[in-house]
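Working notes, beginning with the structure itself.
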């Protein structure tokens, strides 16, 4: 029931949801045959989470999740809740009705109040005011210029220019705690720093790959040192479903720096520090502040982790025994058995037990079921970002401007 909302600064907000149960509603279940015995009315979940969390993909492993300084909402946002990024870079939060119909007297009633969540970057009293942002983008084509006045930032102009991102966002549409069609695409840019402190950004059009960001509406945000501007409404491509014109990508000019140029804004209010600070929400009824985080942690995960550890130990013992004794029939799909069928071992140029491009791991049919995975949080230990997971070659960076053939097909 929790939702990921992409923010203009490249971070992701998690709101709404519950600690226990599942999304949905019912008046009876396989285990509870009477509605009178349903513990939470028609809701199949309990423990609404009122505190949001923010995920920073660029932070070091183990430090990517944070809810420090974020307020807690007293409003339960469970099944049928929603959230949507607004043009001013805040997030509208509304909904919740884990009931078959309108119900105002149950434990988790139909919710008509709405809230607005203000991410930490709203603590900056000065926000960028870019000039010359276009209202239409093409797939490829000539670059365009956007000017950032010196009043939009403080300190070194070179530093501000180096830490400026131009991105196109689409909030998509939201229902049942799912935001479909969300997009965040950073446009390539260089810059020229002027003597008066203004910064001229030379920005590429959209990559000539419509599959990445389909034609239609979006918002352009210019983020300077972690502080986004208001979004500018833009139409990408033709704005309609159909074949899109793809133009050659034009090269950008080299960046031009100027050490003496500085911004004129108050340095204490224009960002440069992306640590979470107090963030509040306002509801339509003057309710107290808050928003929601979907967090899940419990004893089941701990049991799964213990089972996984035991399974790994047993698998290692089996492999060690097989190597020592030359066993070939202890379990189905053993190394020797497959090698014999294939007619060639690994050293002879065949694929051995694993086949082409298959990971070399124990494939015993009797390996214990792993209930946990690297993204499952432990209920008894601090969350870690999986710094021990092997990087997959499929996660290599993709440059949409260099590859005009579109994303790979599966």
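Every residue gets a Cβ built from N, Cα and C, even glycine.
Check TrEMBL against the ranges 268-291, 292-315, 316-339, 340-363 and you find transmembrane segment recorded for 292-315.
TrEMBL lists region 'Disordered' for one of the ranges 246-285, 366-405, namely 246-285.
Across the domain 'Galactose oxidase-like Early set' (127-235), the DSSP tally of helix, strand and coil residues reads 9 helix, 55 strand, 45 coil. Here the domain 'Glyoxal oxidase N-terminal' (1-121) returns a mean pLDDT of 95 for the predicted model.
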